[in-house]
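> To start, I am sharing the structure in question, which I have written as structure tokens.
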Amino acid sequence: MPEPGGASRLRLPGLCFLLQALTILLFAAFVRFSPESSPGLCSQPLNCSRRNQDSGLQHPRFRDGHLQTLLGFGFLVAFLSRYGPGSVAISILVVAFAIQWAVLLQGFLHQFRNGKIHLGAQSMVRADFGAAAALISTGAVVGRVSPAQMLLLTLLGVTLFTLNEYILLSLLGVSDSGGSVTVHTFGAYFGLMVSRILRQPHMDQREEQRDTGQQPDVFAAVGTVCLWIFWPSFTSATTAHGSAEPWAVLNTYFSMAASTMATFVLAPVLSEESTLRMVQIQDAAVAGAAVMGMAGEMLVTPFGALIAGFLAGLIPPLGFRFLTPFLRSRLKIQDTCGVHNVHGLPGVLGALLGMLLAALATADAYGGRLELVFPLVARGSRTRTEQALLQLSALLLSLLLATLGGCLTGEL
């Protein structure tokens, strides 16, 4: 919660100085540049989405992913007229620290060789995923915590995100290149649990979620355009280039298109307004992309992506109409930006879709791409059923870690 008193004016500058000094010292001690042509960045070759790739191909991916994180996610919370540009500024602050912290933590787990972290373009792509998860978490509490508390939330959130990602992708060999589970689901429910601990009984969340006015729609319009331009690259950023990448890009586009159509179908029925507002279209785009995070690189097929996107597009209107009041009144969770409806539930749907596709994966259907999406299944080390169960376990483990971590963070 915002901290009263004149002393709080020095809290943010002091915390920023301490955190930046710490990261500078750690970078000086451990981080070195590494040629992108060096052997695989992962300590364990369990997930082909971690394969090292040429820097010329990685730079556009990093650029698109970074723009998506800054603009797409940044403007996602700016529709709140009470916060507006201030929320964008805080989003940039979160990204600035989250990227540095994620590079360090992911480097120690994946790129630590001979006592040093070897930094490449793929490192920055993965760091953007950590920053995206942190921004989703902060969306649940924006306006109810101070910037200094946002930084502490980011510090702990990125730490738990990195641990969760390492367990799922490197140790268990789960396929989640676009982050349905590791980014959207984890980020949303981590933030919701923090919100539950920091709840403010007299806050009228319903009015804040759908503030009216021209300025919020301008922010939402910019954010929506950025989502459409950059999110397919964000979803495909960690797939192996020239293989399953086109699947992830095209499936994400199809899903976002269908989710937008779904919102135009359902939202006018549930709302008293005759026309949709830009923020509702923005929510639809996010939901359509979130549901393809895990399944995008799998053989979901174009019509399957349309079906999944349409179902995901129904979630935000239904969620804001029925689930948000329930969360606020019964569970005492104040979800400022509606991350449960926009990221959490679509991420869960994406995980269930990924489990189904893993159970149906065959060498005949995938051809040589089975090695890229499900390497252990292709090598015969794991059955399709086992892979599907692990995809499901990834969802359960992420929910558990997000719930426990969020509660602990909120108490600190």
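Cβ coordinates are placed from backbone N, Cα and C, and glycine is handled just like the others.
Unlike curated entries, TrEMBL annotations are predicted automatically.
Okay, so TrEMBL annotates it like this:
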type	residues	note
TRANSMEM	12-31	transmembrane segment
DOMAIN	24-410	domain 'Ammonium transporter AmtB-like'
TRANSMEM	88-109	transmembrane segment
TRANSMEM	129-145	transmembrane segment
TRANSMEM	152-175	transmembrane segment
TRANSMEM	181-198	transmembrane segment
TRANSMEM	218-235	transmembrane segment
TRANSMEM	247-269	transmembrane segment
TRANSMEM	306-324	transmembrane segment
TRANSMEM	345-368	transmembrane segment
TRANSMEM	388-408	transmembrane segment
> Under 8 Å between C-beta atoms and at least six residues away from its ends: which parts of the chain pack against the transmembrane segment (88-109)?
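Same-chain contacts beyond the flanks: 16, 19-20, 23, 26-27, 30-31, 43, 69-70, 73-75, 77-78, 117-119, 123-124, 126-131, 134-135, 138, 142, 147, 150-151, 154-155, 158-159, 161-162, 165-166, 170, 219.
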> Take the C-beta pairs under 8 A between the transmembrane segment (181-198) and each of 218-235, 247-269, 388-408. Which stretch has the highest count?
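Per the Cβ under 8 Å count, 388-408.
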> Take a look at 218-235, 247-269, 306-324, 388-408 and tell me which one has the most Cβ pairs under 8 Å to the transmembrane segment (152-175).
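That would be 388-408.
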